[in-house]
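The domain 'Cyclodeaminase/cyclohydrolase' annotation in TrEMBL covers 5-179. The domain 'Tetrahydrofolate dehydrogenase/cyclohydrolase catalytic' annotation in TrEMBL covers 210-324. The domain 'Tetrahydrofolate dehydrogenase/cyclohydrolase NAD(P)-binding' annotation in TrEMBL covers 343-480. Taken from TrEMBL, the feature NADP(+) binding site applies to Gly369, Arg370, Ser371, Thr435.
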Amino acid sequence: MRDDTIHDFLAKLADRVPAPGGGASAALHAAQAAALLAMVARYTRAGEHAETIARVTAEADALRDRALTLAEDDAAAFTAVTDAYKLPKATDDDKKARSAAIAAATLGAAKPPADLVAAVAEIVALAEELLPIGNRNVISDIAAATEAAIAAATTARVNIEINLGGVKDPDEAAVLLETVARVDDLTARAAAVTLAVRDVIGAPVVTDVLSGKELAAGIRRETRELAEALALTGRRPKLAVVVATDDESSAWYVRSIATAAGKAGIDCDIVDLGADVNADAIRETLARLSADPAVHGLMLQTPLPAGAKLEDLATAIAHEKDVDGANPVSLGRLAAGLPAFAPATAEAVLALLDHHGIALEGRSVAVVGRSNVVGKPAAHLLLDRNATVTICHSRTRDLAAVTSAADVLVAAVGRPGLITAAHVGRGATVIDVGTNPTPEGGLVGDVADVDGRAGAITPVPGGVGPVTTALLLRHTVAAAGDAA
């Protein structure tokens, strides 16, 4: 490959031959990334960074050569796979030998892309090191390098995954899976370098909209199928919602739950106690419904009358029916990493991030709001995903300084417009949990206009809300299944 012209290499890549293929293409991306970093280093005045620049240049040159070698290794490994499949299989001994050869060749084919992921990790580290000291006249080439590194890593991941099914050694498979798991973090780091470069050169930020509608529709579809299967066994899932408020936005939300439940094949009883009810009556109602075997899911809608506290009343909800994770037992189990229903809104935050491919491992996340409904449980769920989490609240000093340093910002306070562009880091992902009614009858979130600053944001309405409702219903069906 290294002796081919670009024209000849691309002609081979386009031809109907076993190699070169995706593996060589991935390695070429990595080689280009390393070459670009070496070029930036050579254009950079050494000065006080002379030792660093010399080392980066040498390492980048070595990585370029290593990537080209891996391209050649990949071609040889793929040839070994095709040769193994051509072995005779006339006798049992032939078949046994052929199977062993295929297994060995398949493992061999997974090794070059795995080694390439390791090389990309070194390339990204060099880019991170070069970013603050590289020549500003060619700084865009650092971004070109990290984008090429992303292409190399994600292509290598697919090439590992396609061979994983044929790797018979569980220890070898585990090592390969660990390599696959590294790619999201690598691509996130590389993307952060690109973003930093774009910040330096003043490139505009295009803000993506992270809609929750498609995700919610998929969850509702799965939930309905599960509910119908349970109904065939004579157990129709049932959700009971206790209401003790005349708040209009709460009434709207409860009606939307009932409508969605009906469409999902779930019975939904709205138990309206009125806004003047006392805490004892609410507790008695929750205890009665918790003891009712026909009720599988139970939730208490907020706000509550003066003097009534959710954390106190929720103790009357059996934790196996606590589909919105309000009981302190459920919250404690969640914090301890034990099975429990998470508050649906907090879980919706994670579900949206996953659905839109937002990496969390090793990333910094600021959660604004410390309620037991969203802020605290969302923080626990994020910690479980190896994010570095900071919880902010009304006593946080210099809120903007904290939140603008985060890769992901979760706003869950219930104050319209609290989060402005000054609170958001360039290109950060923003999850707006707020649902604040307007005088005109609409809804707005906690986040003001951050278009052109945030890299992505959930809309209000249409973001967290529909996913929350869908997850609440999925929890109800799961509770009904557990009770069967």
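Cβ from N, Cα, C; glycine included.
A TrEMBL annotation is a machine prediction, not a hand-curated record.
Remember, it's a predicted structure, so these values are computed and weren't measured experimentally.
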Same chain, 6+ residues apart, C-beta under 8 Å of the C-beta of Gly369 (NADP(+) binding site), given in sequence order: Gly375, Ile391, Cys392, His393, Val410, Ala411, Ala412, Val413, Gly414, Val433
Counts of helix, strand and coil residues, the domain 'Tetrahydrofolate dehydrogenase/cyclohydrolase catalytic' (210-324), according to DSSP: 59 helix, 16 strand, 40 coil
Per-state residue totals over the domain 'Tetrahydrofolate dehydrogenase/cyclohydrolase NAD(P)-binding' (343-480) - DSSP helix, strand, coil: 47 helix, 26 strand, 65 coil
Those residues of the chain, 6+ apart, with a Cβ under 8 Å from that of Ser371 (NADP(+) binding site): Ala412
All-chain count of other Cβ atoms within 10 Å of Thr435 (NADP(+) binding site): 21
PLDDT averaged over every residue in the domain 'Cyclodeaminase/cyclohydrolase' (5-179): 92
Whole-number Å value of the largest CA-CA distance among Gly369, Arg370, Ser371, Thr435, listed as NADP(+)-binding: 16
Chain-internal residues, separated by at least six, CB under 8 A from Arg370 (NADP(+) binding site): Lys376, Ile391, Cys392, His393
